[in-house]
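According to TrEMBL, the protein has these features:
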BINDING   Gly10, Ala11, Gly12, Lys13, Ser14, Thr15, Arg113  ATP binding site
BINDING   Ser14  Mg(2+) binding site
BINDING   Asp28, Arg52, Gly73, Arg131  substrate binding site
Amino acid sequence: MAKVLLGFMGAGKSTIARGLDPNYLDMDAMIEKRLGMSIAEFFSENGEEAFRQIESEVLAELLQRDRVVSTGGGVVISQRNRDLLKTNTDNIYLKSDFETLYQRIAADKDNQRPLFLNNSKEELAAIFQERQAWYEEVASRVLDVTKLSPDEIIEELR
Ligand code: S3P
């Protein structure tokens with residue numbers, strides 16, 4: 001069974017996945033490999049809809065693997081993906097508050113997320129709010145990571 005890490009951008013999904021298993025599978029990295037370009041480039045050339053289509057295909061493949069999986073923050077948007085996720089029983093939602101996440105996203109110059117670049121802070125906060133129920137809907141476990149260090153989170157999830 002896959003151990004799937006879910007959460008908004010900046011929640012630390014990849015960092016925690018790497019700590020749990022150095023051979024973890026990173027959904028965004030797999031998508032970028034398939035696209036042959038960065039997600040930011042693909043978004044600006046082809047739009048979000050096209051990205052979501054490929055994201056869905058990659059999710060279905062990853063759920064077949066018996067590994068730790070780090071997802072992209074928008075994987076829960078579609079009903080199709082939520083239904084796919086519900087077939088897996090180890091889905092961990094790394095929950096945090098918007099302000100903490102926003103500061104991390106804004107500071108992350110190596111990974112300039114298109115949703116950060118294309119939306120105001122207020123718009124991003126609305127996207128965050130809208131997604132809460134979706135993360136909770138598919139999660140088998142919710143962990144509030146706001147006040148935890150990466151080591152503490154990894155320890156908790158081992
Ligand atoms: C997205 C989150 C990103 C990436 C893409 C869209 C989103 O992944 O998949 O930019 O819609 O929240 P991270 O959560 O790993 O930053």
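Each Cβ is built from the backbone N, Cα and C atoms, and glycine gets one as well.
Projection of TrEMBL feature records onto the structure.
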| residue | record | contacts (Cβ under 8 Å, 6+ apart) |
| --- | --- | --- |
| Gly10 | ATP binding site | Ser96, Thr100, Leu101, Tyr102, Gln103, Arg104, Ile105, Asp108 |
| Ala11 | ATP binding site | Gly73, Leu94, Lys95, Ser96, Leu101, Val145 |
| Gly12 | ATP binding site | Leu94, Val145, Pro150, Ile153 |
| Lys13 | ATP binding site | Leu5, Leu6, Gly7, Ser70, Thr71, Gly73, Leu94 |
| Ser14 | ATP binding site | Tyr24, Asp26, Asp28, Ser70 |
| Arg52 | substrate binding site | Gly74, Ile77, Ser78 |
| Arg113 | ATP binding site | Met9, Ile39, Ala40, Ile105 |
| Arg131 | substrate binding site | Phe8, Gly73, Gly74, Val76, Ile77 |
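Pairwise Cα distances among Asp28, Arg52, Gly73, Arg131, the recorded substrate-binding residues, top out at 18 Å. Just so you know, the Cβ of Gly73 (substrate binding site) picks up 22 other Cβ atoms within 10 Å once every protein chain is counted.
Taking Cβ-Cβ distances under 8 Å and a sequence separation of 6 or more, the neighbours of Thr15 (ATP binding site) in its chain are Pro150. With a cut-off of under 6 Å between the Cβ and any atom of ligand 1, the binding-site residues Asp28, Arg52, Gly73, Arg113 reduce to Asp28, Gly73, Arg113. The record gives Gly10, Ala11, Gly12, Lys13, Ser14, Thr15, Arg113 for ATP. Within 8 Å of the mean position of their Cβ atoms, the other Cβ atoms in that chain belong to Gly7, Met9, Ile16, Ser70, Gly73, Leu94, Arg104. In the structure as shown, the Cβ atom of Asp28 (substrate binding site) sits within 10 Å of 20 other Cβ atoms.
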